[in-house]
Amino acid sequence: MPHSLPLPPPPTSPQSPPAPRPQQQQQQQQQVHQAYRFKFDIESNINARPRRPHTNELLYYPLELREGEAGGDHDDEEFYYVCYGDRGHGHGFGKMRAADEDDGSKDATEQTPLLTNRDPVPESEPGEQQVDGANDDDEVADKPFPVWQVVVLCYARWVEPVAYFSIFPYINEMAQENGNLADTDFGFYSGMIESLFSLTQMVVMILWGKAADRFGRKPVLVLSLVGVSLATVLFGMAKTIWEMVLYRSLAGVFAGTVVTIRTMLAELSTSKTQARAFSWFAFASNLGILFGQLIGGALASPARLYPGVFGNLRFFIDYPYALPNLAVGLIGLSAVAVTAIFVEETLVKRPTGDGSPEAAGPGPQELSTVELAKSPGVPLVLYTYGHIMLLAFSYTAIVPVFWYTKVHLGGLGFTPLQISLMMALTGFSQSVWILFVFPPLHHRIGTNGVLKACATAYPFFFAFCPLLSLLLRADTPSTTMVFWIAAPILLSLGCGVAISFTAIQLALNNVSPSPATLGSLNGLALAITSGVRSFSPALFSSLFALGARSQLLGGYAIWVLMVLLALGFTVVSRYMPDYDEMKRRRERAEAAAR
C-alpha cells in the first residue's frame with residue numbers, strides 16, 4: 001500500500017476509549033477472533049520496524065478510501081485503517097477484513113474508534129510471511145500436541161500395512177501349493193490375490209468414511225481392526241485358491257482403519273502441529289511395510305525352517321502359512337485392546353432437538369459424495385492426490401525389477417543382497433525426510449510450497465535412474481566407481497519426494513468443507529488410492545518388461561513415461577487452492593448462516 005495515504009490527526013484524550021481493566025484483556029483477546037479476521041500487512045510510516053500491537057496499545061480508525069488510491073477499488077468487506085499508539089504516535093497503516101456485518105464497524109467514522117471495547121490481535125507478527133496451513137488462531141495454536149493419542153493411533157495404523165505386505169514373501173508358493181498350479185500359472189493367481197485387498201478397499205472406503213462421520217471415529221476404528229485381524233488369521237488357514245480369494249477380500253472389506261485414523265489425527269492436531277502428527281503417521285506406515293514383509297518371510301513354513309521348534313507340531317505342518325498370519329492377527333488384536341482402552345473419541349458431539357448431546361452424526365446439511373467431490377478446491381486436491389499415488393505405486397513396482405534386470409537390458413543387475421541393502425537405504429532415507437525434514441520445511445514454506453518442491457524434484461529423480469544404468473553399461477572402472485558413489489547419494493536425496501504423501505494429506509484436510517465431512521473426504525481419497533494401487537503394480541512392471549524385451553529406447557522407455565507423468569504433477573502443483581482464503585470464505589458463510 002503506498003505511503004501517500006493520508007493520516008488523520010491523532011485522537012485526543014476524550015475521544016479515546018477507556019482502557020480495559022487487566023482482568024478483561026484475556027476475554028477481549030478471545031472475543032476479537034469472533035469478530036475479525038486480519039490480513040495484517042502493515043507498511044511502516046516511521047523508520048522503526050512496525051511492532052505487533054498488544055491489547056490496549058493501539059487503536060484503529062477507518063479511513064475513507066477514494067477510488068484509485070492504494071490499489072483502486074475495494075470490496076465492501078475490506079476497508080483501510082491507520083493505527084495509533086496510546087500516546088498518539090503513528091505506527092503505519094494496513095487493511096482489515098470484517099467477518100460480521102453486525103459488529104458496528106460500518107457506522108464508524110474518522111473520529112470514532114473502530115473497536116471500543118476490544119483490541120484486535122493480528123494473526124501473525126508484522127514482517128512474518130503467513131504460509132498456507134502454517135498458522136492458526138492463538139487459542140487454537142496454543143493447543144498442546146497430544147503425544148499419547150497420536151502414538152496410540154500410529155500403533156493402530158501399523159496393522160493395515162503389516163496385514164497387506166505380510167503375504168508378499170510367500171504368496172507365490174502358497175498359491176502354487178493350494179491350487180496345484182504349473183510354474184507358468186501361479187503368477188496370475190498370486191497377482192490377483194495381492195490386488196483383491198486394494199480392490200475391495202476401493203469399494204468400501206467411502207462407506208467407512210461415512211460411518212465414521214455418523215457413528216463416531218472410535219467404534220469404526222475398533223470394528224475395522226477386529227475384522228482385519230480375524231480375516232488375516234483365516235487367510236493363513238486357507239487350503240484352496242478360492243478360500244484365499246475370499247479371506248483376502250474380507251480383509252480388504254474391513255481395512256477402514258486408515259481413513260478413520262487420518263480423520264482423527266486431523267481433528268487432534270492444529271495447523272501448527274498437523275505436519276508433526278502426519279509425519280508420525282507416515283513413519284508408522286513405513287514401519288508396517290518393513291515389519292510386514294519380515295514377519296511373512298521369517299515365519300512362513302516354520303516346520304521346514306525351524307524343525308527343532310515346529311517340526312513335530314502337526315498343525316504347522318498342515319497349515320504352513322498359519323504362523324505369520326497368527327502373528328499379524330495378534331498384533332491386530334493388541335491394537336484393538338489399546339484402541340478400546342486409550343483412544344478418545346474425536347468426533348464433536350452435536351446437540352439434538354431436546355438439547356441433549358447426540359453421540360455422533362451428520363449435521364442438518366449432510367453432503368452427498370457427489371456434492372462433497374464438487375466442493376471448492378476438492379476436485380483439484382483429489383486429482384493431485386491420485387496423481388501422487390500413481391507416481392508412488394508405479395515407481396515401487398518398477399524399481400525392484402529395474403534393480404534386478406541385467407545391465408545390458410536396461411537395469412542395474414543387482415544381487416538379492418544388494419537389492420535388500422538398497423531397500424533398507426530407501427526406508428531409512430524416507431523416515432529421515434518424513435520425521436526430521438518435513439515438519440520444519442512445512443512450517444517454513446507451507447503445504448503448497450512442499451508440494452511444488454516435490455513436483456519439481458520428481459522428474460529429475462526419475463531421469464537419474466536410466467543415467468545410472470548408462471554408467472554401468474560403459475563398464476569401465478571409473479564409471480563403475482562413479483556409480484557406486486552416486487547411486488546411494490541420489491537415492492537418499494530422491495527419497496525426499498516421499499514427503500509429498502504427507503503434504504497432500506494436509507491439503508486434503510485443508511479443503512474439507514467442514515470437520516463433519518473429514519471422514520467422508522478421506523474415504524473418497526483413499527478409495528482413489530486403493531483403485532490406483534489395484535492396477536498400477538501389474539501395469540507398470542509389465543510396461544518395464546515390455547520395454548526391456550523390445551529394447552525400446554535402449555530399454556529405458558518406461559523412464560521416459562515416468563518423467564512425463566511427473567511433469568504432469570509439476571504443472572498441477574502450480575494451481576493448488578489458497579487454503580487460508582477458503583477458510584475465510586467458510587467462516588463468513590457460517591457466520592451468515594447463524
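Cβ atoms here come from the backbone N, Cα and C positions, even for glycine.
Unlike curated records, TrEMBL annotations are generated automatically.
TrEMBL lists 1-34 (among others) with the feature region 'Disordered'.
Feature annotation from TrEMBL assigns compositional bias 'Pro residues' to 1-21.
Residues annotated as compositional bias 'Low complexity' in TrEMBL: 22-34.
Positions annotated as region 'Disordered' by TrEMBL: 94-138 (among others).
Sequence annotations record features per position, and here TrEMBL assigns domain 'Major facilitator superfamily (MFS) profile' to 149-580.
Annotated transmembrane segment per TrEMBL: 186-208 (among others), in sequence order. Within the same chain, residues 164, 167-168, 171-172, 174-176, 179, 220, 224, 241, 244-245, 248-253, 255-256, 259-260, 369, 519-520, 523-524, 526-528, 530-531, 533-535, 537-538 sit at least 6 positions outside the transmembrane segment (186-208) and bring their C-beta atoms closer than 8 Å to a C-beta of that stretch.
What TrEMBL records for 220-238 (among others) is transmembrane segment.
According to TrEMBL, the feature transmembrane segment maps to 244-265 (among others).
Residues or ranges marked as transmembrane segment by TrEMBL: 277-301 (among others).
TrEMBL lists 321-343 (among others) with the feature transmembrane segment. Note on the transmembrane segment (321-343): residues 148-149, 152-153, 155-156, 158-159, 162-163, 166-167, 170, 174, 218, 221-222, 225-226, 228-230, 232-238, 264, 292, 295-296, 298-302, 310, 315 of its chain, located 6 or more positions outside it, place their CB under 8 angstroms from a CB of the stretch.
Look at TrEMBL and you will find 380-405 (among others) tagged as transmembrane segment.
Marked as transmembrane segment by TrEMBL: 417-438 (among others).
The transmembrane segment annotation in TrEMBL covers 450-469 (among others). Beyond its flanks by at least six residues, the transmembrane segment (450-469) meets 384, 391, 395, 399, 402, 407, 410-412, 438, 441-442, 483, 486-487, 490, 494, 496-497, 499-500, 503-504, 507, 554-556, 559, 562-563, 566-567, 569-570, 572-574, 576 of its own chain at Cβ-Cβ distances under 8 Å.
Per TrEMBL, transmembrane segment is recorded for 481-504 (among others).
According to TrEMBL, the transmembrane segment annotation covers 516-536 (among others).
The transmembrane segment annotation in TrEMBL covers 556-576 (among others).
The transmembrane segment (556-576) makes no contact with the transmembrane segment (244-265): fewer than 3 of their CB pairs lie within 8 A, with pairs spaced 6 or more apart in sequence. The list of residues near the transmembrane segment (277-301) in space but at least 6 beyond its ends in sequence, with Cβ under 8 angstroms from a Cβ of it, reads 145, 150-151, 153-155, 157-170, 173-174, 261-262, 265, 268-269, 320-321, 323-324, 327-328, 427, 430-431, 434-435, 438-439, 498, 501-502, 505-506. Among the recorded stretches 220-238, 380-405, 481-504, the one sharing the largest number of Cβ pairs closer than 8 Å with the transmembrane segment (417-438) is 481-504. The highest tally of CB pairs under 8 A with the transmembrane segment (481-504), across 220-238, 244-265, 380-405, 516-536, is held by 380-405.
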